[in-house]
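Trainee: Structure provided below as structure tokens; questions to follow.
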Amino acid sequence: MKSPRRTTLCCMIIVIYLSQATPNLSLESIVHPLILREHELAGKEPLRQKRAVASSRVVAEEYTVDVEISFENASFLEPIKTYLNSLSFPIQGNSTDQATTTILSIEVTTVCRPTGNEIWCSCETGYRWPQERCLHNLTCQEHDGFPAGHRCSCLKGLPPKGPFCQLQGDVTLRMSVRLNVGFQQDLKNSSSALYRSYKTDLETAFWKGYSILPGFKLVTVTGFRPGSVVVTYEVKTTTPSPELMRKANDQVMRNLNQTYKMDYNSFQVVTSNETKFTIVPEIIFEGDTVTLMCETEVLSSNVSWHHVERHSDIQNNSRFSVYTFVLNNMTSISRLTIYNITQGDAGEYICKLTLDIFEYESRKKMDVTPIRILATEEMKVTCDNNPVSLNCCSEINVNWSTVEWKQQGKINIPGNPETDTDSGCSRYTLKANGRQCPSSLGGMRVTYVCEFISEHGARGSKSIEVTFTSVGNNSSHNGKVHDLLRHVMEMSTVQTTTGNSLETSKAQEQQANLTITRDPISVSEGQNFSIKCISDVSNYDEVYWNTSAGIKIYPKFYTTKRYADGAESVLTVNTVTREWNGTYHCIFRYKNSYSVATKDVTVYPLPLEPNIMVDPLEATIPCNGSHHFKCCIEENEDYKVTFQMDSLSFLAEKEANGKQVCYKYNFMASSVSWCPKKLNVFCHFTNAANNSVQSPSMKLNLVPGENIMCQDPIIGVGEPGKVIQKLCQFSSVPSSPGSPTGGIITYKCVGSQWKVKKNDCISAPINSLLQLAKALIKSPYQDAKLPTYLKDLSVSTGKVKHEVSSFPGSLGAIINILDLLSTVPTQVNSEMMTHVLSTVNTILSKPVLSTWKVVQQQQTNQSSQLLDSVERFSRALRPEDSTVLSINQTNVQMRSMVIKPGHPKAYKQSFVFSDSDLWGNVAIENCQLGNLQRDSSIVTVAFPTLKTILAQDVPGKNFANSLVMTTTVSHNITLPFSISMTFKNINPSGAVPRCVFWNFDLANHTGGWDSSGCYVNKVDEDSVSCICDHLTSFSILMSPDSPYPGSLLEILLDIISYIGLCFSILSLAACLVVEAVVWKSVTKNRTSYMRHICIVNIAASLLVADSWFIVAAAIHNHYHPLNKTACVAATFFIHFFYLSVFFWMLTLGLMLFYRLVFILHDASKSIQKTIAFSLGYGCPLVISVITVGATQPQEVYTRKNACWLNWEDTKALLAFVIPALIIVVVNMTIMIVVISKILRPSIGDKPSKQEKSSLFQINKSIGVLTPLLGLTWGFGLATVFQGSNAVFHIIFTLLNAFQGLFILLFGCLWDQKVQEALLKKFSLSRWSSQHSKSTSLGSSTPVFSMSSPISRRFNNLFGKTGTYNVSTPETTSSSLENTSSAYSLLN
């Protein structure tokens, strides 16, 4: 075997030799391994721009020679390509007397490689297969070696008849790049020296950079524009790949002088128009559905649409739909659909496809025309049985889809429509006789409407008002009325009897004219629709809707309103299923008169998103691997299904397996440009109506193969510690063929094996019932189907007891089923209630209690959800015959009674559960029953085992230890209302019993025990009696270590809080008043000024916080907020302003630290104020906003029993506690450092007496206030934890309530200058003078002077001995400024 270099040289010699041969020479016999095809380039572009060799007589001819080389070893390919790329052209060949041969270029165009059992032939950069080869040969998947965006760059096998990959056609690339230099006006003048200099330098760099592009011809700078300096230029070449263009741009950057400051990220390319832009229809009317389509032969789905006149990008919404996909791995197609188009949608539209720095743009203008119908608006017709024609014509003659005629009026005179499509006119011929318009209705007006409908949905109409004049009386009027009434009644499937003609006439007088929604209703499953039915008569006895089969629609789907001059009923369906396909009648009934309006609804099949089962939910794939994705549905309809990944779309492969149909796609990791990477995969289902639905997301993680340890053909692959979820029906869990298993199973990669981490699978029978329940609540006949379904649920649950006790998922599914069904009925009979309680009895049996614990760990509100469902069924219970109903099961019992008029008996019911050794009684006195509405039902349901599964309000602290009894009334009760209950007392000795009810609103609507409105009436050895003023689920709650509401401790804490807050608010207000009075006197130097700024903001912040605290108390009743929005707002402002108090304390401490430690650094007053306010209010604002933003969307921002930061669920309270305690520690540290600095001054650090006094005041304020504030919230933090002693509650309340008083005393009045200013302000000059003298004497030996006793003790602490005096002779502030730079820093 020859070496690669020797083989290459041989090829070169052969090419040089062959290029000298005549075109007719047969070469195949000369060299066997080589197949050469030679083409004279007459009339074609050569590989590079043709060059002429100057001579006196001979013009150089140029040829292209195709050389096909076969290698026994594929490893030779890359060295040869590298060597060819390194050659410098042109290469001069041997000269002869007749000719000189020169090789202008050698380029590799096509490479074929073995891939598995196939040969894949791919095009090199700048080349592609001709269009006809792409259409008639099999294409292969593109891989990393191929440039993105090229169409058909790889074929399976070499085409037997050629040709090879061809050079792409020339395109002119309009490019731009920004220079980060200032724009000068000379750059607008092409004759200026600056313009020519820029143009020359840039074109030189451009030529050197873009010459590496295949087929490069030339580059020209076309101009400059402002925006720094934006250079526009054109490059003529073949279409390059993004990778090659980036390399060319790199070359440009390297060849351009750096003084131009070219911005690499600003390169943009707009190619010449390669986009096919079409608009359908050509003539667009208002109301049409219009489709704009862009087709570009570029492999990318990154397409955007822009409306020029509105200056806005178009996004998907109810009227605009953008759908982009790739066809045959060759063409990108983007479709913009505009529904119900208006004239405001007219204008120019831009379709722009972006691939890397390339933009493919196409524009088209669209006009929208209103439909104008021409007709005579008024006519008079005599009822003489002569034909009369009504004519309508469209102003613009198009191929109308249909023309409809309608009439509105009290009499019905039909006609025959005729439409001439050529002329765009329609004629409606009437024949009115005396029977149709009797003399009693003479002069009756009827409005005829002609409506033109286009093929694309636009509608235009014109009304013609016709006055009918009678020519005589008709004796058969009453009989006709009777026939009309009978006809209407038969349509609505209502059977009735008319007693006599007089009654019929009265009924006819009340018959209403109904107007129903005019537009045709055509929707897909999962969408919504509404039908409005308007009556011109407001007097009616009943309004209802039914189907053409006579089945009444469930009342919750429609609403009816009555007005002074009419009424309306609206049928609204939010989630359409195919059961809604059909004809619907809106019926207004008054006595025996029925008015009916009809509407057809067309529903196209489309799977609902929850019904699309995807596999995998999450998958890990090696960078060189593959994976099958599939989306399955339980129906076999004709859908178009595509898989979408990032901006690419791929058609899915359909596979049917019984009732289940799956759509699959095999993803190759090599098709992605880089790895590792995370992707989201969706499948889109599109139906015949061109509506689509997107499946749940499938997450795809591309990872290096060396990290994968766990491998399973069903579960997939993963790295150690990886946790993935799979739908149980696609896992190894057994499933019956007819009904797949539901739920999700979670696996974790442990070592090298997948282990089941959590199993939430739902057994096949229960899963089938769950899917039926979800469909039932969307059905128009749900109340009719409910009894049968409840029976099936009871039977199926009894059969799969062992599965319910083994699978938490099955238990959770049954709870969800009961929750869904409890929202359906308006009335429940005794048989339905028996089936409900039979199901509840099964899931509350003792073998299932262990499964309940697993469910409660995953979702804490499942037991509360079950209780709520039973209560809803109880409120809807209406016993048929008996006034007393009793249902007994092992784990649930029910008693009910119907209140009849004059009912003498009280409501007293007893419950005994011998298996659980529990009993209980409930009683409502007859005086309370007298306030209930007639035929009200009282229902009590008792549960012996529910106490063990209902969530505890604080784990391990409070627990229900008795029966749980729920009592409901079918109608609203009148307050005050009293109910008494007796429970068996099995509580441990010494415990305090509490009567509680289950409040569904607590714990962010997950439920919790609440004692509001209930109290213990009597406690015996074996029983506890409770009385409550409302009805719900009751029990006894044991609270071993904390008092319940209403206790002496709670009352004491409330008294302390409100008295302390009053003192605090008054003190803070007094502090602000004092500061305002003495402001000018105490802010003569910069230190004092900043100190008092801090004190004022501390007082103001705490004053506002205390005020909001009172607001929070007013809008909360100890159990739940009266207004949740106000509670959130109060919590936010309390949090913000309390934090502001601490951050202003921190500002005070940092200012002290700055003034004494960094005395050689001067900062202006304005800078200090800016920093102070940013720290004092900016930081608290950021913390408060982040806290509310992170927790409020999940409604866990506030506590369930107070308007303050949540602790139990999210620990949001730490957003206050942690900053506050950190600030306390920082300020204490600053205080120690400052004391050390004062006691050990550096040389020259001698602050003035006035400055030193201010610093001492700051130090005193921090030293006193910081421990107080810190201790306050330290005790507050202690009260959060379970088992905290009542002493902590009392200390916290005392310290927190009197904070304002502490600030007034220690932050304001303790300041000696404040005291002097107040004395001077109120003209106490004599006492003030004496006091000042005394102060002056005292100031000569300050508190922290080394000669004072206190300073000596501090001196010993810091290890110094001797006596030092750091005070200076007293001077005025004006003289201080001229002493030294060190002193000026303290001003």
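Backbone N, Cα and C atoms are what each Cβ position is placed from, and that goes for glycine too.
So TrEMBL lists these for the protein:
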type     : residues  : note
SIGNAL   : 1-21      : signal peptide
DOMAIN   : 167-274   : domain 'SEA'
DOMAIN   : 275-369   : domain 'Ig-like'
DOMAIN   : 512-602   : domain 'Ig-like'
DOMAIN   : 1053-1311 : domain 'G-protein coupled receptors family 2 profile 2'
TRANSMEM : 1055-1082 : transmembrane segment
TRANSMEM : 1094-1116 : transmembrane segment
TRANSMEM : 1136-1158 : transmembrane segment
TRANSMEM : 1170-1192 : transmembrane segment
TRANSMEM : 1212-1239 : transmembrane segment
TRANSMEM : 1260-1281 : transmembrane segment
TRANSMEM : 1287-1310 : transmembrane segment
REGION   : 1367-1387 : region 'Disordered'
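Help me picture where these features are in the structure shown.
Mentor: The average pLDDT computed over the domain 'Ig-like' (275-369) stands at 86.
The list of residues near the transmembrane segment (1094-1116) in space but at least 6 beyond its ends in sequence, with Cβ under 8 angstroms from a Cβ of it, reads 1061, 1064-1065, 1068-1069, 1071-1072, 1075, 1122-1123, 1126-1127, 1130-1131, 1133-1134, 1137-1138, 1140-1141, 1144-1145, 1147-1148, 1151, 1172, 1176, 1201-1204, 1261, 1265, 1299-1300, 1303-1304, 1307-1308.
Residues 1090, 1093-1094, 1097, 1101, 1128, 1131-1132, 1135-1137, 1139-1140, 1143-1144, 1146-1147, 1150-1151, 1205-1206, 1210, 1212, 1215, 1219 of the same chain lie 6 or more positions beyond the ends of the transmembrane segment (1170-1192) yet place their CB under 8 Å from a CB of it.
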Trainee: Which residue counts does DSSP give the domain 'Ig-like' (512-602) for helix, strand and coil?
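Mentor: Helix, strand and coil residues of the domain 'Ig-like' (512-602) number 6 helix, 54 strand, 31 coil.
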Trainee: Please spell out the DSSP helix, strand and coil residue counts for the domain 'Ig-like' (275-369).
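Mentor: Once the DSSP states are binned, the domain 'Ig-like' (275-369) shows 3 helix, 56 strand, 36 coil.
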Trainee: For the transmembrane segment (1055-1082), could you work out the same-chain residues 6 or more beyond its ends whose Cβ comes under 8 Å from its Cβ atoms?
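Mentor: Beyond its ends, the transmembrane segment (1055-1082) has Cβ neighbours at 1088, 1092, 1095-1096, 1099-1100, 1102-1103, 1106-1107, 1109-1110, 1290, 1293-1294, 1296-1301, 1303-1305, 1307-1309, 1311, 1313-1314, 1316-1318, 1320-1321.
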Trainee: With helix taken as DSSP H, G or I, strand as E or B and everything else coil, how many residues of the domain 'SEA' (167-274) land in each class?
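Mentor: For that range the per-state counts are 42 helix, 34 strand, 32 coil.
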